Amino acid sequence: MSRNAHPAGPRHGDVYTEGHYAAPPADLNVLDEKVWARTIDRNDDGVVTIGGLEVTRLAEEFGTPAYFLDEADFRARCRAWSDAFGQNADVFYAGKAFLSRAIVRWLQEEGLNLDVCSGGELTTALDAGMPAERIAFHGNNKTPEEIERAIRAGVGRIVLDSFQEIVRVAHIAQSLGKRQPVLIRVTVGVEAHTHEFIATAHEDQKFGIALAGGLAAEAVRRALKLDGLELLGIHSHIGSQIFDMAGFEVSARRVVQLLAEIRDEHGVELPEIDLGGGLGIAYTSDDDPREPQEIAKALGEIVTRECESSSLRSPRISVEPGRAIVGPTAFTLYEVGTIKPLEGLRTYVSVDGGMSDNIRTALYDAEYTVALVSRTSTAEPMLVRVVGKHCESGDIVVKDAFLPADLAPGDLIAVPATGAYCRSMASNYNHALRPPVVAVRDGEARVIVRRETEEDLLRLDVG
Ligand code: LLP
């Protein structure tokens, strides 16, 4: 298990600090298909290609750093999720992982729905033509203005996150003469095995309304009384980058138990449950993610079993994968700038990006891998730390990885599995220009989010 899944488990980096280096891969030129997008290959000249295009040519045309996204892989993953969950379930792509107008169009073409969690994401979704009824609106503190906009647009569901919000959404809907379909987000008390900052179903955190102490039942009581709300069901999201299905099973069981309590108390069988997102992906070869088919089967079985034992009709299930759809589909391409061997310690490889295009390593201690992609090499493996160009020693992109010892400035290296939460959490720290996202498909590359320019930075500066 890697640190992505179990922060407390054995760590590649820990092994290194104790002087026992993790073994380098047998051949550094081989790209593990588990962590790379589907159409990645290496051509006869040793240059890595995506969608049939050489990274060297892509770097010339689009510059570095840049994210290259495999459109065919993205679409295939959308289809895998919707096929796995079938007709009796809905898949909502979590836009926070990465959103742009092109993404919204692909989602529509592949039959997925969309989860948004801010006015900005809502605007992007609507602007790209996503039908409002296929949008779910999330967030623990949606502003009244955002709520009004969502209701006016006719979003298919708003996920209510607090007692205040139950009243707020009901009031705004009523004042617009509407009855808004809603779900109530509950915290089921599951400790997901993931980084503390991305675990969301234990009780001591800001999201949702706890099942414990009857709070969720009270929220349901209040929501059912309000004319502005049409209560569709219950929502639970237990965290992110999770490999172990046990947490989802407990969550599903507790949510169904709440449906049974609601039926007993109010005589109403709520028709929907949403079990959130959070399925882990492979960032390194140590990670073993679950396939959508396996997830759908496990969740379907547990919901059916729990419903049967409470004599409930099976509700419609929805899920909200973000990372599992977009994460594996992209890599970040960097150019090596400087190489600094520190005798007896490690070699620092500085690239032309850093924590501004991938904050996950600094923020969550996330693990990534890296490969030399502009050529092959038969040189010995050297243990490196890939760092960025920011004024901060925590500006680390890949903490511990092996690259060939003949690595040189000007080489292109790529970090795979950066499709989720890298561009979407990118910043302008040190006035860095956020990199473009380039979609590649069948030998064609097209920018779907352009690179920022210095004019973009100056445009916001009104002094
Ligand atoms: N649904 C809800 C209500 C969520 O809050 C999230 C993620 C998702 C779905 C999608 O989760 P996913 O399938 O992508 O794991 N920035 C962090 C992840 C934060 C996730 C926030 N919510 C990271 O880089 O790991």
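Please read every residue number as a count from 1 along the shown chain.
Using the three backbone atoms N, Cα and C, a Cβ is placed for every residue, glycine included.
Automatic prediction, not curation, is the source of TrEMBL annotations.
Site annotation for substrate in TrEMBL covers R360, Y364, E392, Y421, and the matching candidate from R316, R323, R451, R459 is R323.
Of the residues proposed, G247, G267, G278, G463, the one TrEMBL records at the same pyridoxal 5'-phosphate site as E320, P321, G322, R323, Y421 is G278.
Checking the binding-site residues G278, P321, G322, R323, R360, E392 for a CB within less than 6 Å of any atom of ligand 1 leaves G278, P321, G322, R323, R360, listed in sequence order. Of the listed binding-site residues, namely G278, E320, Y364, the sparsest CB environment within 10 A is found at Y364.
Cβ-based neighbour count (10 Å, all protein chains) for P321 (pyridoxal 5'-phosphate binding site) stands at 27. Checked against G322 (pyridoxal 5'-phosphate binding site), the recorded positions K96, R360, Y364, C391, E392 differ in C-alpha distance, with K96 being the nearest.
For K96 (N6-(pyridoxal phosphate)lysine), the nearest neighbour among the binding-site residues E320, R360, Y364, E392, judged by Cα separation, is E320. Listed in sequence order, the recorded positions from R360, Y364, C391, E392 having a Cα within 10 Å of the Cα of Y421 (pyridoxal 5'-phosphate binding site) are R360. Take the mean position of the Cβ atoms of G278, E320, P321, G322, R323, Y421, the recorded pyridoxal 5'-phosphate site; other residues of that chain with a Cβ within 8 Å of it are A94, K96, A97, S240, G277, L279, A324, I325, G327, A420. Look at the Cβ of each of the recorded positions K96, R323, R360 and count the other Cβ atoms within 10 Å; the largest number goes with R323.
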